[in-house]
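So the structure is just underneath, and the comments pick up after that.
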Amino acid sequence: MMELNLSRVDYLQVGITSPKSLKLLPPAGKKDPTQKVVVADHNGVLQCFSLKKGEPNHVFKTLPGNKMVRVELGGPLGQVREKIFVATGPEVKGFNKKGKQFLGFDTNMSESILAMHVEGADLFVSGNYIYNHYKDCKDTNYYLCQDKVNDIIVLPVERIPEIMPVLACQDRVLRVLQDSDILYEVETPGPPSTLCMYAGTGGDEGNEILYGTSDGRIGLVEIGRTMASPRRRLAPSHRWELPNEKRNGGVLCLDNYDMTADGILDLVVGRDDGLVEIYGYDEADEPILRHTTTCSESVTSVQGGRVANGTFDEVVCTTYAGWVIGLTTHTMTEKATGPGGARVVDRDVQAKIIHLRQEMEALQQKVIQEREKYQVTAQHKNAISAVPQFNINDKFVLNKEDASYTLSLEVQMAIDNVLIQSDVPVDLLDVDKNSAVVSFSACNPEEGNYLLATYRCQANTTRLEIKVRSIEGQYGTLQAYTTPRLQPKTCVVKQYPIKPLSLHQRTHVFDENRPNCSLKLMGNFSLAEIHSWVTFCLPELPERTPAGDTAVFHFVSTFLDTQLMCQYKKGEGLFKSDNISTISILKDVLTKEATKKKIRLDISYDINEESVAHLLNLIHPKLEYQLVLAKKVQIIDALKELQVHESDTSFLSAEYQQILQDAEKLQEEYKKQPCCLERLYGMITDLFIDKFKFKGQNVKSKVPLLIEHLDNYDLGQLIQFFNASG
Amino acid sequence: MLVPIFTLKLNHKINPRMVTVGKYDGKHPCLTCATTAGKVFIHNPHTRGERGGRMEGSADTDISLLNINQAVSAVCAGRLDASKPNDILMVGTQTNLLAYDVDNNSDLFYQDTPDGSNAIIVGHLGSIDTPLAVVGGNCSLHGYDYEGNDPFWTVTGDNVCSLAMLDFNGDGVNELIVGSEDFDIRIFKEDEIIAEMTETETITSLCKMMGSRFGYALANGTVGVYDRTARYWRIKSKNQAVTINSFDLDGDGVPELITGWSNGKIDARSDRTGEVVFKDNFTNAVAGIVDADYRLDGQQQLICCSIEGEVRGYKAAPQEMKGNLMDTNVEQETIRELSQRKQNLLLELKNYEENQKAAQSSRPSGLGDLDQGQMGIIPANTQLQTTLQVNHGKEGKAPHVELNVCTTNDTVVRAVLIFAEGIFEGESYVVHPVNVGVSSSLRVPIIPPKDVPVDLHIKAFVGLRNSNQFHVFELTRQLPRFSMYALCGGDVPEPKSSVVFQVNERVQRVLMWINQNFLLQEDLVCPGALDARFMSLRGAGPLCVKMETNGQVTIKTDDMDVAAEVIQSLALFLKIEDLQVTADFPDEMEALRLTLIKVDDFHAVRQKLTAEMADHSNLIRSLVVRAEDARLMGDMKNMKKGYMELFDLNKDLINGYKIRCNNHTELLSCLKQVNQVIQKAGKLRVGKHKTQVVNACRDAIKNNNASSLFKIMRSGAVTS
């Protein structure tokens with residue numbers, strides 16, 4: 001297999017960029033294979049440049065304006081796509097490749113455009129929840145989505161004449177539309193954040209779509225099309241899915257480009273933790289990782305092409321802070337060392353450095369002046385100090401794998417320090433990626449602080465990732481105060497709610513056959529009111545009150561795999577779960593919320609005794625695995641010592657020999673899931689207390705007995721203990 | 001890119017910091033590491049010698065194992081016998097020190113070290129002729145020569161963690177650098193302390209660099225370089241530095257500081273700037289870094305070992321690499337850095353522009369509340385005032401130093417972050433009141449655990465009540481050394497104990513010292529004789545500082561430690577080089593007397609237990625023989641009886657062992673106390689008198705002469 005070696009070259013820096021706001025224009029002609037770069041930023045500047053000897057050479061650059069969030073290329077059907085479309089606020093602007101504006105179209109949408117797709121004379125845009133289709137700038141189709149739309153793509157019209165837009169929605173589905181109606185939904189393993197046609201064209205039939213999710217997965221799905229026959233083939237088929245085992249960042253952008261020069265388009269992936277990955281395909285068309293580069297900032301766009309040089313392939317990326325970077329197959333270091341080992345500094349590069357230095361000095365002078373002016377104004381009585389708020393690119397997502405939250409914070413400047421404060425007990429876990437020095441401060445719960453931690457960042461850190469483990473039933477707010485290294489120093493606080501059922505995740509299935517317990521609420525409340533209460537309890541719900549009379553949402557616990565169904569309408573709410581603790585938490589919180597609004601609730605519940613045994617059975621494999629693992633890890637050292645003493649270990653039992661053989665794997669596994677056992681114990685204890693709480697009994701005094709049972713674990717005995725107590 | 005020139009998998013665990021390399025036959029370097037189960041292994045790929053005695057070898061590898069039968073606490077190899085070319089291996093455990101001649105497979109000496117041995121270094125110290133193996137234990141330092149005598153013996157402030165030898169002051173002979181658990185780095189010129197540097201955590205590693213420079217590593221993840229008493233640079237990481245060494249990896253003639261980290265990272269940093277010139281990664285924590293000519297090609301290699309027994313050797317980079325070991329593109333890096341700085345300046349400029357814009361737009365109409373909250377607009381003349389004062393505490397709240405932070409107008413202080421070293425659990429302390437409790441002033445309680453001056457780096461988030469953006473005010477305040485002492489009136493009872501000495505200074509100078517080193521609301525003034533009384537907030541009782549106009553100073557406190565700190569600080573301020581005092585600490589002396597009696601008791605118990613153990617082992621032998629005899633004769637009844645007795649005896653032995661263990665830990669803590677009192681008695685004096693007291697006390701202890709010990713501590717001189 002060919003080794004792929006890419007060197008990083010920085011082209012220039014623009015303002016903050018949104019995902020997919022960089023495109024490469026098709027090459028101008030056969031003679032000149034180099035491509036021009038089009039990039040738009042939050043300052044509202046759209047610029048197009050080519051590279052001459054590594055220096056950006058601007059073709060055009062618009063004046064600053066409203067922030068631009070998306071760039072798409074379009075053109076008449078069947079011809080080169082070289083018209084540039086930019087989404088800014090509710091408007092779509094069109095520019096030709098010379099920078100002349102030929103279109104200024106106000107969609108009059110009530111939301112700002114967040115995603116856009118252009119296909120011939122058809123324009124598809126979406127805001128937070130709204131999808132709109134314009135043909136020749138005339139409103140033709142409209143759809144209101146149940147959850148946030150992250151991206152939009154349309155199957156190539158040349159090959160599939162019936163227009164089929166696909167919306168990537170936050171509630172873990174791809175919604176396939178036809179006209180103004182939903183055709184069907186495709187479930188994805190995580191919230192899809194970006195879409196891309198497979199191999200640029202959508203594969204053989206033009207109906208294969210690549211998606212990337214915000215929890216770092218990538219998948220290929222084939223969109224089944226409507227058939228003329230009465231038996232319509234609508235089922236999507238999942239071709240492959242890449243799990244996120246290494247817990248890399250969420251996917252922000254995808255592209256197809258043949259970087260390995262083997263005639264097959266490779267998959268280029270940009271992630272929000274700064275990784276750029278290149279996947280090739282094997283014989284079975286399954287992706288295999290060929291290359292990774294770390295950029296240390298969120299990679300918002302990736303595009304394969306030839307920009308700096310007509311002969312070398314490269315991936316052009318933008319980062320959140322606005323860097324336009326080339327990852328080129330052109331090796332830079334070889335060039336830098338000339339004959340005789342002496343270092344020949346590229347003259348162009350040197351000129352660039354000198355130029356930069358001069359610019360810097362001039363700037364520095366100006367800044368010093370301004371700084372003094374600022375100091376002087378401080379003497380005035382009526383003067384104010386107003387520093388514009390800097391943007392924070394933040395994300396707070398639940399990881400399915402280890403049932404913990406990842407908080408990532410990214411700003412345009414280097415971060416000086418971050419203060420994390422929480423008014424609920426949460427654990428902060430160490431993340432290998434971040435190099436910041438963490439310090440936990442003593443805190444007093446009476447002052448509303450269960451956690452006070454400072455992260456002092458190393459120089460040039462613009463992104464910080466923190467892992468947080470929450471406990472279901474304990475809810476409140478986590479706050480992050482971010483201070484960048486920029487004068488005058490300011491900090492911005494961001495709040496993240498830790499919800500009562502924080503470890504639950506949206507899903508679209510519910511198994512009625514499980515022994516479910518149910519909770520029924522009746523009272524004088526509106527749909528909006530109960531929706532706001534449920535949103536308060538559970539993550540991943542849209543803030544907007546769902547359309548229609550009845551709302552139904554399904555959830556699964558990432559830690560225990562128990563399920564939850566919420567079904568509510570005006571005056572009535574029904575919640576079903578196979579976990580008594582979930583029902584108990586819901587009951588407590590909903591009652592509290594309703595009391596706050598002075599609404600009287602009639603609560604009835606139906607506790608299924610079987611659910612306890614069911615849940616313990618569900619936990620059993622996990623608990624047993626953890627117990628065995630802990631036991632094995634405990635004796636590894638002793639066995640190793642034996643191994644040192646004895647030249648031959650064949651006298652050991654097969655089990656011990658196996659442990660010795662797998663020692664490293666076991667230890668790694670053990671390290672991966674710290675406190676897993678404690679968490680399981682906690683869940684079982686909660687279940688125990690909650691079960692009897694519904695019976696009106698307080699069994700807190702029996703908890704030590706329960707722990708004793710857990711320490712000498714046996715499933716049968718445990719179930720018996722649950723049944724016998726009380 | 002610099003790559004390892006050899007890698008080895010030794011398949012033995014390696015204890016952190018217990019790695020050394022020795023030429024045991026005088027020629028071939030052998031990697032030597034302590035491993036689990038009280039063993040030391042020697043990797044000798046050069047010759048396969050015969051084995052026996054302590055050494056047991058496995059036939060198919062180059063590794064031989066030494067059985068120490070106790071948990072090893074330190075290993076070090078070096079030429080202890082100057083007359084022979086071969087290195088001697090020193091192995092320290094908590095109770096013993098073994099000097100082992102690997103080549104001849106014989107013990108050179110085996111010493112009891114009741115103070116333990118946390119660190120060992122072999123080399124020439126000061127003007128002492130023979131090479132010494134200096135062993136750092138609990139508050140003590142012993143230097144053994146090749147016969148096992150200890151011509152060097154002194155005490156230090158706390159448990160020794162790390163040692164290094166280098167010519168600190170350029171006098172042509174080596175000084176000893178000692179890092180200990182009380183965060184101090186002390187420089188011993190033989191038994192005189194010539195310099196002391198206070199760090200912020202336990203000093204876990206020290207290493208000699210070039211000239212008078214040395215590297216250090218702390219338990220909190222800090223590494224850095226000192227040149228004599230001045231710190232060149234330091235960096236802090238979230239990982240722990242396990243071990244440090246110096247090696248010229250980039251071939252520029254100046255050794256770099258090589259650090260092995262707990263996450264498996266190895267980096268080489270320039271000794272002048274701390275800039276990383278090379279890094280590599282192991283999959284496990286690094287255990288040790290040494291250098292030796294392991295390939296016998298005349299060049300030194302840097303050898304790094306991980307705790308799982310992975311070993312990598314690196315050769316210094318050739319000249320052609322020009323110190324660029326990491327394949328970086330220097331030009332691109334420069335451009336990136338410059339652009340980044342440019343971007344930063346542009347952003348700052350933008351901040352000022354926006355500020356002016358906001359100022360203009362606000363003049364006629366005023367900004368709305370929303371804007372104010374968004375941008376966190378505050379009046380430009382907002383100032384942050386800080387005051388430090390002593391708070392005596394009340395019910396449920398311990399006395400502390402209080403830092404009061406307040407703004408000059410109706411803006412609020414949302415939170416205060418204080419970064420300071422050595423006084424908090426971590427490196428920072430945060431005060432973040434509940435939302436409704438936010439006001440324009442905030443109190444931060446601080447309880448410094450030690451009497452050291454500390455810089456408090458304060459960051460205060462100032463804004464409006466509902467803002468989500470705050471201005472960050474940054475300022476630094478110094479906490480004086482004796483901030484945990486509150487000024488009291490004259491009615492405070494005087495402590496029994498006192499230190500009296502004579503200085504050649506005016507009262508005003510001492511007064512100045514008090515004003516600078518204590519936390520006072522206003523400066524003290526005193527026309528005639530000085531009598532300042534303080535109360536310790538840590539519960540150490542009152543502290544009186546008196547001075548007559550004739551220059552006689554009396555310090556009264558029952559805590560010897562406090563008196564010592566006061567004298568050291570005062571001597572430094574008044575630039576006194578030598579100071580002799582008369583110390584009278586009846587309570588401390590009584591405690592010491594009791595401790596000494598206890599030490600004697602423990603020694604007696606130990607002897608008795610050892611004798612018992614010997615008895616028991618004899619009994620065991622005969623019991624086994626009898627029981628086995630019975631078995632062979634088919635006399636099952638007697639065999640059973642024999643084994644039952646054996647079982648009981650075994651239980652007794654285990655019990656005896658437990659008692660011995662307890663006895664030993666008690667003994668250890670008593671010995672530590674004794675060492676600390678001696679150290680304190682020394683610290684009551686300055687300069688040569690300090691050394692004198694320590695030496696005299698040591699002699700008294702050796703001769704078991706308790707009464708003279710007390711006299712020495714009192715008068716500071718050896719009485720005939």
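Using N, Cα and C of the backbone, Cβ positions are placed for all residues, glycine too.
Within the listed segments B:27-54, B:335-362, TrEMBL records coiled coil for the stretch B:335-362. Secondary structure counts, DSSP: the domain 'BBS2 platform' (B:493-574) has 26 helix, 24 strand, 32 coil. According to DSSP, the secondary structure content of the domain 'Ciliary BBSome complex subunit 2 middle region' (B:162-269) in residues is 0 helix, 67 strand, 41 coil. Secondary structure of the domain 'BBS2 GAE' (B:398-482) per DSSP (helix as H, G, I; strand as E, B; remaining residues coil): 3 helix, 48 strand, 34 coil. As a quick check, the domain 'Ciliary BBSome complex subunit 2 middle region' (B:162-269) and the domain 'BBS2 C-terminal helix bundle' (B:688-714) clear the bar of 3 or more Cβ pairs under 8 A, pairs 6 or more apart, so the two touch. Note: the domain 'BBS2 hairpin' (B:586-683) comprises 96 helix, 0 strand, 2 coil (DSSP; helix = H, G, I, strand = E, B). Sequence-distant contacts of the domain 'BBS2 C-terminal helix bundle' (B:688-714) (same chain, six or more residues past either end, CB-CB distance under 8 Å): 153-155, 191-193, 578-585, 589, 592-593, 596, 674, 677-679, 681-682. For the domain 'Ciliary BBSome complex subunit 2 N-terminal' (B:20-123), the DSSP counts in helix, strand and coil order read 0 helix, 55 strand, 49 coil.
According to DSSP, the domain 'BBS2 C-terminal helix bundle' (B:688-714) comprises 24 helix, 0 strand, 3 coil. A mean pLDDT of 84 is what the model gives for the domain 'BBS2 C-terminal helix bundle' (B:688-714).
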